[in-house]
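Colleague: Here it is: the structure, laid out below.
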Amino acid sequence: MKVLVTNDDGFGSEGIGLLKKIASNFASEVWVVAPDSEKSGAARSLSCFTNRSIIIHQYGKREFSISGTPADCVIIALHKIMNKKPDLILSGVNYGSNVGDHVCYSGTIGAAMEGASRLIPSIALSQTCDTNNCISWHNTETFAQKVIMKLIEIGWPQNVVMNINFPATKKTKGIEFTVQGKYYIKSNVIFTKNVDHSFSLDWGRDNTSGSGSVGKVHDGFITITPVKLDFTDYDTLKMIRDSFIDNEF
């Protein structure tokens, strides 16, 4: 099996080193193509829309960094670096969970989506931090390979990314197959003024409670959520379509 490993935390991150090690346990070839710096929050953005030049650095026979987004890394890996399409794309392991609305912002998931859009089975993996924003990779190290291998055995549709989150708890309660869910966003927006007169932006949100995967991973479960590339709300589509039938313009 040929595996492509990427992420959004950057080529030198601890999480991608761990994921490379995990993939090496079952893959005949592991390729690493990742951003040369942190690209958290990049979602599925592409450099081609900004006309930004991209630089590739090679560090080993199958290890490359890219001065672009996580989705750029997947495209460049498939069409410029690798000699053959991979059998699987693994994105992560992200520093922090990707649950609730984070699914929309995450470059980890964005890279996996880029792979899925090109008909390659793709999995996003994230390790939840504790309440002090500290991280232990123990649960990922212990369970990631088992979960990945089971998902490969089962299989899933080509237009779907498998989003896996590992809890920060010392002991896991098992695997929970759950919806994306939603965390609670507080109303306060935080602006921090920088020395150069620019400012940084953040907003209050509670990642420890909420619906779906948000609450489950906090409670100690490994969560697995299938995320579709098709964002269409088919129930609403049918409702508005049926409503418009009765109206003339």
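Please read every residue number as a count from 1 along the shown chain.
From the backbone N, Cα and C atoms, a Cβ is placed for every residue, glycine too.
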Colleague: Of the candidates N83, N94, N98, which one does TrEMBL list alongside D8, D9, S40 as binding divalent metal cation?
Modeller: N94
Colleague: Restricting to the same chain and to sequence separations of six or more, state which residues have a Cβ under 8 Å from that of S40 (divalent metal cation binding site).
Modeller: D8, D9, S106, G107
Colleague: Given the binding-site residues D8, D9, N94, which one has the fewest other C-beta atoms within 10 angstroms of its C-beta?
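Modeller: Ranked by other Cβ atoms within 10 Å, the binding-site residues D8, D9, N94 bottom out at D9.
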Colleague: I need the neighbours of the divalent metal cation site defined by D8, D9, S40, N94. Which other residues of that chain put their C-beta within 8 angstroms of the C-beta centroid, in sequence order?
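Modeller: Checked against the 8 Å cutoff, the neighbours are N7, G10, S13, G15, E38, K39, P70, G92, Y95, G96, S106, G107, T108.
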